[in-house]
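Record features, source Swiss-Prot:
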ACT_SITE  118  active site, O-(5'-phospho-DNA)-tyrosine intermediate
DOMAIN    30-496  domain 'Topo IIA-type catalytic'
SITE      38  site 'Interaction with DNA'
SITE      74  site 'Interaction with DNA'
SITE      76  site 'Interaction with DNA'
SITE      87  site 'Interaction with DNA'
SITE      93  site 'Interaction with DNA'
SITE      117  site 'Transition state stabilizer'
């Protein structure tokens, strides 16, 4: 008969993953609500206790304990066992450590522990209370993985470990984050709930007001703590404990003595130092980790003029000096993961301890009754000692003597066994008194145990007494300070920025940088670092307190505070926008750059190839939340082939639009409505089907130039294009040819005075002695031509101008720009 079964892969995967999920939920990642332990932690404690590796004895090699645990109870690899053992020994992760370790057991800096062959470990004293009375049949046991011996499914837990040490873990579909608490406060809450089973959460929080982290710190948000205790979920703010320390010379330093729970100290120090290195906050001189055996200490030395409180607020907001701790109190309750609140945790623990105390009392009572039975037999023997001795002497052997005792004097099997094994020295008068005292003590003990078993009030008194004993022995002061309200950190970012002079440069391909005046002045403009196929389109002197706006050909705008730009040498290429802006496209280019002091006022005009135009307000470009990683739209393009042709600040002048086919239209800028960033604008010029916009510019002079793709150039009077309304076709400025027709490559105003500087992106740079406006043309063969536009004579409107060289017509224009 075949053992092969036909099953669908879908059914098999679902069923097997269901098994796996159930296993890791119940047997790996989540703690039991009763003892607060995960299976691996429970197995470590039980195995070490079973092997006698306890508090009152010497340390043993960790590797030996790990081997015993792995071989007997936890066959999942030595590293997982050792990691769990190490964590239970780390006093910065546990409020009460359960394992004491000799040797390197890691650090708050995230250093790994020494290998287990080098370290030694034993159970801590308080861990013994978790295992107390386990030998008295108080908890259920189950077979281990190979059915060779049994292990406990839960520990007796003489204190509420789940709340005291907390827990964290990730399972299939579940995760848990339960913070540690102060032992004394937890026990006080348990004792109160024993006396008041229906106690309100508000009353319980008078005894247990909130978590108590082993690393101290300040916990803010009483309402969130209450919410977490009520629902099992919540979030509190955990802030480092800091103080401002005065130094010589009027300087100050910020001292950190406590940091938030589970924050890596070395990483924190590195992040704070990165703030100094990147000059995100001016005024930090040095960051030092001065921690030693006496405790944690981080020193942040400040400059003399620095605002210590502002710097501290910045560090609290942007580093792990302050973090959010998220409560997610999930535990295994009756084999099921549940999100539990404080009342449920306490009631489950009380119920568990009730079972433990009753089972322990039953065990002790049975043992006492058995001993009382023996003692009663021995006392009776002493009253008829001579007869008993004679009977034993006349017996053939031990078995015969036992049988004779049972038949002749009605002793039980247990009493007969005790009599025949009785040592002769026990037959003295002193021993008779001892036996009588023992009988009285046993009867009192049995009465007490019976009361515990039969009377709930007596049992609860025992529970409270034992909890108070634990509290008395292990009580320690609260480490974390609780504050009712979460303080909102407000930072005047502008006040943090040191005002420095710098030079900002931008290339068409999207490379940008800022350069110190020293580096800039040590080089010439032509020595700027850039790729061979790229073009420098913007250089300007600016202050680090100002802002840079970059407008692209795809209708996107990118914002950068000047102080956030990478400070590089003038000869360095710079940082490409694609390194930080996730939606910067490969074919995207920078069209226009602008440095602004504020966003309060100012208008821009944008014109697209499809002939649409719009004005928009600078206020709408105020920094958005994701500016560091994403650009935002300033104009909506009509299709994928559409591009922005012109972007410039708005002035109260006419606008002149020139199409590739040679149509020019002039109208007032006031005809263009101010619209939102996501609009496409209105029709600026009426285009034929095969036409598109080549250039658009503000009319600020009496003439303008037109350059064609064949290298023909002309200058004509602005008055030849009379002002009309937008959305018209315009007038031709080229003469149409049947063969090799001219098409507009670039058009722009011809400036004859310094008023042109606001449109010249290079005007803030020291120039040559002449202020003439030059047109630079590069042909497709790499030839460069320069023409002084002001020297051109005016041409008629319908003419094609003159070629700038005899060969340019065959080469055609690749790049053209004015300067």
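From the backbone N, Cα and C atoms, a Cβ is placed for every residue, glycine too.
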Cα distance (Å, whole number) from residue 117 (site 'Transition state stabilizer') to residue 74 (site 'Interaction with DNA'): 19
- request: Drop a 10 Å sphere on every Cβ of the recorded sites 38, 117 and tell me which sphere holds the fewest other Cβ atoms.
  value: 117
Statement: Nearest to residue 117 (site 'Transition state stabilizer') by C-alpha distance, among the recorded sites 38, 76, 93, is 76
Field: Reported mean pLDDT - the domain 'Topo IIA-type catalytic' (30-496)
entry: 93
Task: Measuring CA to CA, name the entry from the recorded sites 76, 87, 93 that ends up nearest residue 118 (active site, O-(5'-phospho-DNA)-tyrosine intermediate).
output: 87
Query: When the number of other CB atoms within 10 A of each residue's CB is tallied over all shown chains, which of the recorded sites 74, 87 has the maximum?
result: 74
Field: CB within-chain contacts under 8 A for residue 76 (site 'Interaction with DNA'), separation at least 6
entry: 40, 70
- prompt: How big is the gap, in Å, between the Cα of residue 87 (site 'Interaction with DNA') and that of residue 93 (site 'Interaction with DNA'), rounded to a whole number?
  reply: 7
Message: I need the CA-to-CA distance for residue 38 (site 'Interaction with DNA') versus residue 93 (site 'Interaction with DNA'), whole Å please.
response: 16
Message: Using a Cβ cut-off under 8 Å and a sequence separation of 6 or more, which residues in the same chain sit near residue 93 (site 'Interaction with DNA')?
response: 87, 214, 262
